[in-house]
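**Q** Handing you a structure now.
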C-alpha cells in the first residue's frame, strides 16, 4: 500500500540521516584539534554508538520489517549478531547520554574542583564503564542466559528470560533514567538558587566618620569618608551564567528527548515477559524505531548548542579564501 511505502521510505531516510549526521560529527571532532578534549570525547563516544546503531542495527531491523509477519529469515548466526549489536550499541548510546549529563552537571555545580585534568580522567572512566557495561549486558544471552532465536517460529528478538529482562532493562535504561532525572533536578535547583542569589549587595554606611591612618615616621596622611555607601549591582548575566544556562537547557532537551524516545519501548520490554502480555507486533516496531530515532536526535541537540560545531561543519565543505 501507499502508506506502507511511505513508512518504509521514512525509515530508510531515518537510517541514512542517522548514519551521515553522526559520521559528520565524528569527522569534525577528528579533524578539529580544538575538539580533542573533554567534553568532546563524550560526544565522540556517543556518535560512535549512534553510528553503529545506524550501520549495523537499523538496516537489519528494516529487513525484518519488510518480511511477512516480521519473521526472521536470515539464520541463527546473523540473528545473534544483530541482537548483540542492538543491545550493545543502544545501551552504549543511552549511557553516553547519561555521561554527558553528568559532565555538564559537575561543570556547573563544581566548576572550581572540576578542573580540566579531573574532567578528562572522569570522562575517560565514564566512557570505559559505558562500553564495558553495555558489552556485559549484550553478551549475556550468548553465554546461555535466555534464547534469542526460535527456528520454528522464525523469530529473532532479545532474550525474554524474566531474570535477564529485569537485569538488562534495569542496567540499560532504568538506572541511567534515574541518574539523568536526578542530575537535571540538581541542575534545576542550582540554577534556581543562583537566580535568587542575584541580589544587590550594599555596604551599610558607617555611623561615624571612618578614618584610616598610615603609621610611619613621616608626617601622617589621613583619609576620611563621611556618610559613605557603596553599592554593587550586577546588570545582566555574566558570561559564566549565560554558559551555565545554555548548558542546563541543552541537558534538559537531551534528557527530555531521550526519555520520550526510549520509555515506551522499555516499558513494554519489561512488562511483556513478566506478565505474558501479547503486545501487537506493530506497536513493538513503532516503539523500537522510536528508540532508534534517539540516535538521530542526539547529534542534532548537542551540536545545535555549540557554535564551534556549526563553524567546523562549514569549514568541512567550504574552502576558506
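FYI, residue positions are counted from 1 along the chain as it appears here.
The backbone N, Cα and C atoms fix where each Cβ goes, and this holds for glycine too.
Taken from TrEMBL, the feature transmembrane segment applies to 6-30, 42-60, 80-102, 122-144, 164-185, 247-267, 287-305. Marked as domain 'G-protein coupled receptors family 1 profile' by TrEMBL: 21-302.
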**Q** Would the transmembrane segment (164-185) and the transmembrane segment (80-102) count as touching if the test is at least 3 Cβ pairs under 8 Å, pairs 6 or more apart?
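**A** Touching, yes - the transmembrane segment (164-185) and the transmembrane segment (80-102) meet the threshold of 3 or more Cβ pairs under 8 Å.
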**Q** For the transmembrane segment (80-102), give me same-chain residues lying six or more residues beyond its boundaries with a C-beta closer than 8 angstroms to one of its C-beta atoms, as numbers and ranges.
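**A** Counting only partners 6 or more residues beyond its ends, the transmembrane segment (80-102) has Cβ contacts under 8 Å with 39, 42-43, 45-46, 48-50, 52-53, 56-57, 60-61, 74, 123, 126-127, 129-131, 133-135, 137-139, 141-142, 148-149, 156-159, 168, 171-173, 176, 179-180, 183-184, 251, 254-255, 258, 262, 291-292, 294-295, 298, 302.
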